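Remarks on the structure that follows.
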Amino acid sequence: MAYDLIVIGSGPGGYVCAIKAAQLGMKVAVVEKRSTYGGTCLNVGCIPSKALLHASEMFHHAAHGLDALGVEVASPKLNLQKMLAHKDATVKANVDGVSFLFKKNKIDGFQGMGKVLGQGKVSVTNDKGEEQVLEAKNIVIATGSDVAGIPDVEVAFDEKVIISSTGALELEKVPASMIVVGGGVIGLELGSVWARLGAKVTVVEFLDTILGGMDGEVAKQLQRMLTKQGIDIKLGAKVTGVAKPGSGASVTFEPVKGGESTTLEADVVLVATGRKPCTENMGLAKAGVVLDSRGRIEIDNHFQTSIAGVYAIGDVVRGPMLAHKAEDEGVAVAEIIAGQAGHVNYDAIPGVVYTQPEVASVGKTEEELKAAGVAYKVGKFPFTANGRARAMLQTDGFVKILADKETDRVLGGHIIGFGAGEMIHEIAVLMEFGGSSEDLGRTCHAHPTMSEAVKEAALSTFFKPIHM
Ligand code: NAI
């Protein structure tokens, strides 16, 4: 039987695309090499890391955050096995959820490695080496990304001592010390988990800032907060070697500006220096699918690759490597295949870093607006002036809104603070509708909420805040 659509990869891009296409009346098959659906995000990424981030935050809070509220607890005890079991149960509930949704939408699943044989043909080779060929009118490649490693440095991952994000989700005991290579999203999130559980964490980052590409002021504030939490952050340091002398590991780095190199030792080294698109062993070159200079699948504005009827979405194509970006592309490409006007607004994709405090952003940063020569205005409001934040002892951070100087249209929003990842969405919705800072400032916000700081930042963008 020929399918209307075969999706290769069942991560947030692929599974959402498959469900949307089925909802639009297509007969859909999904090819997945893992034994469970959900891709990196559900199995070894976003979902398990958030389970550990929450649990470790609770542990840390019980030990350090309750006393000031008048709650005296005896020193909390860590049961790491139970914490990891909670993480595993969370993953299982989510991947089972995708299986349920596939059944509900009559989507056929094929376990195995998918290969594009050309227009309309996909082969699937299962773990036993058995191959079958499926046919479809359309193919969507949603194979995601994999750990990139450090450019020009050999890293022998054993996922016990030298680990990637995957190993960092299942350490059997809390290491006394951990070096994190890369002060990006993964390094800071997973470094935070193990620091909260008691590891002495050192982050070694090439750039002069953590979270390169994020709003500079926000990144600086987060650096201050993480340092206060005991994480040692070394900036402008290029890692040139990761080795395993004895039972632990070592990291050698040198100042980017030049100078003596240093070697540090730790029980565990987490390498978090980015991810690369998964395009290997899929027959892409033979089938004629063109890649760009960075190894990503080249697509046109409608997600179509160099072959008609073969599309690609998510981490395997250009744009931020974010689950929700992939999801929205999955919906859009399903709509396009169904003859509808699928579309993704890349100017309003939020990004969240789940540290404590959280960092969230949408739209342009101040640095990007400056570089583009856009005349803009800034409004800021600190959580120290927000009543709810004071009541919860969560006053670290601020909201920053950037708007066009002439039209007042909001171009970007940046929040660092407790719950930033939830609060960012009102700015995303505002931007989706082309709203102004005045629109946001005149929208009634419930009192007392942390979100009032968003309203106040908007008020200060177009005129003056009330509570400052
Ligand atoms: P990243 O690109 O965010 O950070 C990697 C960092 O490593 C960069 O700051 C880079 O300057 C540094 N680096 C590279 N080579 C180095 C060297 N030789 N020495 C020292 N530092 C070096 O990549 P990361 O954190 O691995 O995340 C991968 C992808 O996954 C990202 O695209 C990220 O957006 C996504 N992700 C998103 C999450 C979220 O939205 N909360 C959570 C986890 C991952």
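Residue numbers in this text run from 1 along the chain shown.
Heads up, the Cβ atoms here are built off N, Cα and C, so glycines get one too.
The model shown is predicted, which means the values in this text are computed figures rather than measured ones.
For reference, TrEMBL has these:
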type	residues	note
ACT_SITE	His447	active site, proton acceptor
BINDING	Lys50, Gly114, Thr143, Gly144, Ser145, Asp315, Met321, Leu322, Ala323, His324	FAD binding site
BINDING	Gly182, Gly183, Gly184, Val185, Ile186, Gly187, Leu188, Glu189, Glu205, Gly274	NAD(+) binding site
DISULFID	Cys41-Cys46	disulfide bond
Entries of Cys41, Thr143, Gly182, Gly184, Ile186, Met321 (recorded positions) sitting next to ligand 1, with Cβ under 6 Å as the cut-off: Gly182, Gly184, Ile186, Met321
Three-state secondary structure, Lys50 (FAD binding site) (per DSSP): helix
Among Cys46, Thr143, Met321, Ala323, His447, which are recorded as recorded positions, the nearest neighbour of Glu205 (NAD(+) binding site) by Cα: Met321
Remaining residues near the recorded NAD(+) site, that is with C-beta within 8 Å of the centroid of the site residues Gly182, Gly183, Gly184, Val185, Ile186, Gly187, Leu188, Glu189, Glu205, Gly274: Val180, Gly191, Val203, Ile210, Leu211, Ala272, Thr273
Chain-internal residues near Thr143 (FAD binding site), provided their CB is under 8 angstroms and they sit 6+ positions away: Ile8, Gly9, Gly14, Gly114, Pro277, Cys278, Thr279, Met282, Gly314, Val316
Cys46 (disulfide bond): nearby recorded positions from Ser145, Ala323, His447, Cα cut-off 10 Å: Ala323
Pairwise C-alpha maximum, in angstrom, for the residues (Lys50, Gly114, Thr143, Gly144, Ser145, Asp315, Met321, Leu322, Ala323, His324) that bind FAD according to the record: 29
Cα separation, Ile186 (NAD(+) binding site) to Ser145 (FAD binding site) (Å, whole number): 14
Neighbouring C-beta atoms (10 Å sphere around the C-beta of Cys46 (disulfide bond)): 22
Cys41 (disulfide bond) versus binding-site residues Ile186, Met321, Ala323 - nearest by Cα: Ala323
Lys50 (FAD binding site) and Leu188 (NAD(+) binding site), Cα-Cα, nearest whole angstrom: 13
Cα proximity to Gly182 (NAD(+) binding site), best match among recorded positions Lys50, Met321, Ala323, His447: Met321
For the residue listed as 'active site, proton acceptor', the three-state class that DSSP assigns: coil
Spatially closest candidate among Gly184, Ile186, His447, the listed recorded positions, to Lys50 (FAD binding site) (Cα to Cα): Ile186
Nonlocal neighbours by CB distance (under 8 Å) for the residue listed as 'active site, proton acceptor', same chain, sequence gap 6 or more: Gly387
C-beta crowding around Lys50 (FAD binding site), within 10 angstroms: 15
